[in-house]
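S.K.: What follows is a structure written as structure tokens; I'll ask about it next.
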Amino acid sequence: MSERKYFGTDGVRAVAGEFPLTAGWVLNLGAAAGEVLKRRGERPSVVIGKDTRQSGDMLEAALAAGLTSRGVTVIHVGVLPTPGVSYLTRHLGADAGVVISASHNPYADNGIKFFGADGQKLTDATELAIEAAIDEVPNFAPVTGAALGSVTNYTEAERLYIQFLREHAPDLSGLKVAMDCANGAAYRVGPKVFQAAGADVFAVYTTPDGHNINRGCGSTHLEHLQRIVREGDYDLGVAFDGDADRALFVDSRGNVVHGDHMLLLNARARRDRAVVTTIMANMALEVKLREAGIPLERTAVGDRYVHERLHEQGLTLGGEQSGHVLFLDVAPTGDGVLTALLTLSAMKRLGTTLDELHDELVMFPQTLVNVRVGNKKAIARDEVVRAAVQEAEARLRGRGRVNLRPSGTENLIRVMVEGPDEAEIHEIARTLAGVVEKRGRVEV
């Protein structure tokens, strides 16, 4: 595969106003994307949505200008969660969708992520074709007159997305819910859907000003929501991130209920034949799923790897501790509001509560030791290190796990040991780190 110049694992992301997220470059990106889409058919259409960042307006205008300059019809859906844009791309039969968001990042950042007509992330081949076309924009043949594209503001977008979510909502009558909308894309959708399902909702961080998205709030800053739930008479709390593709819960006592808990609850209710998560999921989840007869498959860190494994194995349920949970039999992307609704539906079906779920899934202690080495790739292949890992795993006898992985940015090996006995895992981690450090000093 060719090396990427602009697209990362989640589209293009940077500080808005700095390269590549300048108005000029984004205009060229739109023109390049439009040209690639035109190769597949005349008059393609593209749905564009955004979160609440101030820079979204500038990027949206530049992208739309580029797309329409190549004859593309642009459908603006306004502020909407990322999965809402995915849904509307499919629902409206558009050729592609675009989300302008940087998810849980600070407001100064922004990003541009494309969806295909199926509502899923663009294929690598299509992204690479767009990248190649960016450099050719000055050489494109002019598009003029009636061949130019147009822009439509689609005012039914929020209503249609809410209608889709309500189809998957359980009866929440009598449930008192505190909700943190992160001053982000779910600030209207989240409360409306839960209220329509019958919940008594107290929503906070629903006044975006372009600068306050994710600031001390949302799924990465649960402290205020925990305090609200503890001090008020709430059954639970739920928090979304800036683009609402993930959700985390707080039980009635203020304890965090994260992705591991949600995967266990939903897998039991759905009787999935297997669940996919990453190497960061706690061993306690694996043990509980094993007791229920449900295998757990692990991938590298990142929701894209979970998504890929689900497709490869023909599975539908997977996710991460961060609250990014995939229900591929319901939607092709992670959806925070949908995740919350389906989790509460599973809770009702099994006759349990988030408090009981939190207390049942007791997380195994975990220790992480960073070891600086000369050649992190060589260490990962070293036979002495591998033998030490096997010895550590044998000592845990299936009651825990060991994971060594190189840092993505530094010459470090991260030694992680997890198990029910805290003293034992600390001792194992120290021993293993010592072997890694010693081998890291020699040519391996």
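From the backbone N, Cα and C atoms, a Cβ is placed for every residue, glycine too.
Quick paste from Swiss-Prot:
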MOD_RES   Ser103  phosphoserine
ACT_SITE  Ser103  active site, phosphoserine intermediate
BINDING   Ser103, Asp241, Asp243, Asp245  Mg(2+) binding site
S.K.: If one measures from the C-alpha of the residue listed as 'phosphoserine' to the C-alpha of Asp243 (Mg(2+) binding site), what distance in angstrom results, rounded to a whole number?
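M.R.: The residue listed as 'phosphoserine' and Asp243 (Mg(2+) binding site) have their Cα atoms 5 Å apart.
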S.K.: For Mg(2+), what surrounds Ser103, Asp241, Asp243, Asp245 with a Cβ no more than 8 Å from their Cβ centroid?
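M.R.: Going along the sequence, the neighbours appear as Asp51, Pro81, Thr82, Ser101, His104, Gly184, Ala185, Phe240, Gly242, Ala244, Arg246, Gly336.
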S.K.: Let me check the 10 A CB neighbour count of Asp245 (Mg(2+) binding site). How many other CB atoms are there?
M.R.: 32
